[in-house]
Amino acid sequence: MADLNIVMNGDFFAGIEPWYPNGCEAFVVSSDPFSSEVMSADSSSGGYVVVTNRKETWQGLEQDITTRVASGMNYTVSTCVGVSGPFNESAEVLSTVRLEHEDSPTEYLCIGKTYASRDKWVDLEGTFSISNMPDRVVLYLEGPAPGKDLLIRSVTVRSSTSSDFQETEKNTDASNVFPLALNIIKNHDFSDGLYSWNTNGCDSFVVSSNDCNLESNAVVNNRSETWQGLEQDITDNVSPGFSYKVSASVSVSGPVLGSAQVLATLKLEHKSSATEFQLIGKTYASKDIWKTLEGTFEVSGRPDRVVFFLEGPPPGIDLLVKSVTIHCESDNQFERSREFCSAPESDNHIFLNSSFSDGLNHWSGRGCNLMLHESLADGKILPDSGTCFASASERTHKWSGIEQDITERVQRKLIYEASSVVRLSHSHHTVQATLYVQYLDQREEYIGISSVQGTHDDWVELKGKFLLNGSPARAVVYIEGPPPGIDVFVDHFAVKPAEKETPSGRPYIESHAFGMNIVSNSHLSDGTIEGWFPLGDCHLKVGDGSPRILPPLARDSLRKTQGYLSGRYVLATNRSGTWMGPAQTITDKVKLFVTYQVSAWVKIGSGGRTSPQDVNIALSVDGNWVNGGKVEVDDGDWHEVVGSFRIEKEAKEVMLHVQGPSPGVDLMVAGLQIFAVDRKARLSYLRGQADVVRKRNVCLKFSGLDPSELSGATVKIRQTRNSFPLGSCISRSNIDNEDFVDFFLNNFDWAVFGYELKWYWTEPEQGNFNYRDANEMIEFCERYNIKTRGHCIFWEVESAIQPWVQQLTGSKLEAAVENRVTDLLTRYNGKFRHYDVNNEMLHGSFYRDRLDSDARANMFKTAHELDPLATLFLNEYHIEDGFDSRSSPEKYIKLVHKLQKKGAPVGGIGIQGHITSPVGHIVRSALDKLSTLGLPIWFTELDVSSTNEHIRGDDLEVMLWEAFAHPAVEGVMLWGFWELFMSREHSHLVNADGEVNEAGKRFLEIKREWLSFVDGEIEDGGGLEFRGYHGSYTVEVVTSESKYVTNFVVDKGNSPVDVIIDL
């Protein structure tokens, strides 16, 4: 038997005695406030306590335990708590021990804390020990803010010298395999209720039988995620180097169709590194049938905490557990177990027979035939390594290829690396490694791991990473890509846990001068082209008549009010290719990881004015093209071209050149400037701008107390949330990962779906609708009060449109468009605050070309009729960086005016924000131009990319402050933040294992900087003035008599505002 509970009346069966409310009131209620189900405590439970009329955080419920504790002993405290009151956020609850001494100050020991919400019970656990026995020992529960009621269902305090460890286990279904071994699980058969067990984000209770010959079992209910279940801390009972056998008797209940997966998992927590999850075993359980779940594990290293837990069934299905045993085995037993289970290869590969040394065992063909070869093509194709390779022939589809099922060996939330060497029978095509996943609820997902351009001439490496958010019913990795009829050769194919990468340090940046032009002879002051050379067979010479002032954005960035150009320009003639033009080598002048701004005057000759011509400032970095800015020119005027770039890898040669117009068109360039930008100076300016745009003067006026008591009282003002909207892109699989969900909910208040609302996803085939993912994501957002953007109703770019729509014309296409917008907005009426109506209209023209000229405007009109409260947006990329001549701010403004002229109810301007090496002045210029439309501007898909996390953080800081400091910008959406779930490489803020990287830390620092904190005293007039950001605040007032805490809101606005604080 376990040790007795030293707390008296721990289940409140006898009412409130001998508990004592500390400065507040308490009473016992007999019904469960959160559920009509059986309560989680024993069947003898008397109900729960409500601690109310709390005016201080430390007020709660306490009990004197002096006579029932002793020095030198360790005690484990376990409580079941909740909160109640008029609030939505979670509240902190603490368990504390007060040690009172007659001859020395009182001590306080924090035992543990948790966060409770209004809708469910949570467990609060911890331990304490007493070194020297005090005069009085008091256990109490405290913590929620004043005004919030504290609910307590049970309290237990037990000595940790429980005799559970010494008991011989009962001969149950789950433990009779090892009747002589010692079970390290406490309370393995729930004969002592839920003692030593905890629920993981859900509820549980024990069903006890009145027949002493029948066992009890635990019921885990109110599960909203697959990973939620029952867990026990076994840290002190396992050791590295030993193997352990797990056996559990499990079942399921609820709306089960067929069987449901149940998993046994080990969680290894480390203070200095990411938490690891180790799959022990799995089984499939059905209603009313008990199944035995077995597996083995071994603890490597020395984790700070080891937790065993059971999880797996889909949300809404209850998990039943009758008994759990974990026995230590000998090393030899463990090795035999590994062999019997066909464990992965010795290097931790989860693929079996990766190099085909055992023939084609464990491999299968996905819509193709598999064969092994020592050579092909008369010995011209030989293995890249080893003695043989496999071929996938007679492929019937692009997705046909070699595959292996890894269901039994893959773990969720663990990063895997897949690598292969591939070759094609002929031609050149993309080869891709893909992971197919089917979940227990029949939902399917295809995860692209990596792709490479495969060739007939040589072997090429295919390498990438993947991670599973949820627990799969089936997981298969395969190689696909080339058209049917092309054979794919595979030399080896391995999948193994990825090695943890070393975080990047802040790079060393060589000394450089901000604003110094690194282009030689840019002004052409002496009338020669020294420093310049022609790229290609064109001719260069110096001409006169160009502007004598710097281009506008160069002036802004360099803070120069007067120009000093010579009025000369480089003229390139006899151009026979678009790439030909003036060039110079700048290898020694470019510093790694420095962001450079590009600015120049450009003009074209008369021969190119019959059609628009692109002019591009470009760099060739070891032969690779880097965009430095592009502008469209269709007249004889001088135009400014702007852009930016950064080089992050040592280069042997960096060449600057100007290119773009059609062959035969003369090209003129004047005043080309390339200079390092001073980001620190810009950020200092933006902070000042944000103070004007996002703050207002606030006067707190306090009432309810005597003026004499208020005068001189200290005040602490803490902003808890900035009202500036900040959101992120999420996908359906993301919300299966509790670590992802935790970061998202703590840092964002808006969401946009990556692809689940797009037409190609919701209706991949005509009449075949798929709204399941979107429905589940909307439900998730509503559950946590997350506002949503609808992205997108239509997409104008043809490559993003599903084949069946591409094949429609005329009235059939018009009807499909009408059905799409009607179905979507009727189905989700009022669910989305924004809609991107027709994505990327500056880059595509599918609907405009096939329907009448009013089609685009009609999309807006119909959407507004169906959901008049939703704000309707345009959405475009490269608006803010100068990289794309098709999507300049001027062209965007022209598109808006054209739609408005046709009656389209355009409500907002979306700038996607997929930006590289951003320059604040260029971004600000675009925002200033767009703001003339008088419409709200949102960054809708913001991400930045850099191989270095610190530089990535710098880029993100530039973009967030530019948005925050501009009065026309009303919100920012990130296009994701989690590694392996981003659309661009090197753009994540959180590593796949849940660790926040340096870029993510910068993001969190910026969020903290957007909060206002004030300490002061109430003035004689009973008020206190401060200037703070718009948003939610808490204020604490401490007078000579008492302390008061309340909340208030500073609404958006510029004029001073009075806020009445009633104490």
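In case you wondered, yes, glycine gets a Cβ from its N, Cα and C as well.
If you look up Swiss-Prot, you'll see 5-146 marked as domain 'CBM-cenC 1'. According to Swiss-Prot, the domain 'CBM-cenC 2' annotation covers 183-313. Taken from Swiss-Prot, the feature domain 'CBM-cenC 3' applies to 348-482, supported by sequence analysis. The feature domain 'CBM-cenC 4' is assigned by Swiss-Prot to 517-662, with sequence analysis given as support. Look at Swiss-Prot and you will find 711-1006 tagged as domain 'GH10'. Per Swiss-Prot, the feature active site, proton donor maps to GLU840. The active site, nucleophile annotation in Swiss-Prot covers GLU941, and the record cites sequence analysis as its basis.
Every protein chain considered, the tally of other Cβ atoms within 10 Å of the Cβ of GLU941 (active site, nucleophile) stands at 23. Note on the domain 'CBM-cenC 3' (348-482): mean pLDDT across this stretch is 93. Residue counts for the domain 'CBM-cenC 4' (517-662) under DSSP (helix as H, G, I; strand as E, B; rest coil) come to 13 helix, 61 strand, 72 coil.
A sphere of 10 angstroms centred on the C-beta of GLU840 (active site, proton donor) encloses 21 other C-beta atoms. Per-class residue totals from DSSP over the domain 'CBM-cenC 1' (5-146), listed helix then strand then coil: 3 helix, 62 strand, 77 coil.
Straight-line distance linking the Cα atoms of GLU941 (active site, nucleophile) and the residue listed as 'active site, proton donor', rounded to a whole number, equals 13 Å. Across the domain 'CBM-cenC 3' (348-482), DSSP assigns 0 helix, 67 strand, 68 coil. In this structure, the residue listed as 'active site, proton donor' belongs to neither helix nor strand by DSSP; it is coil.
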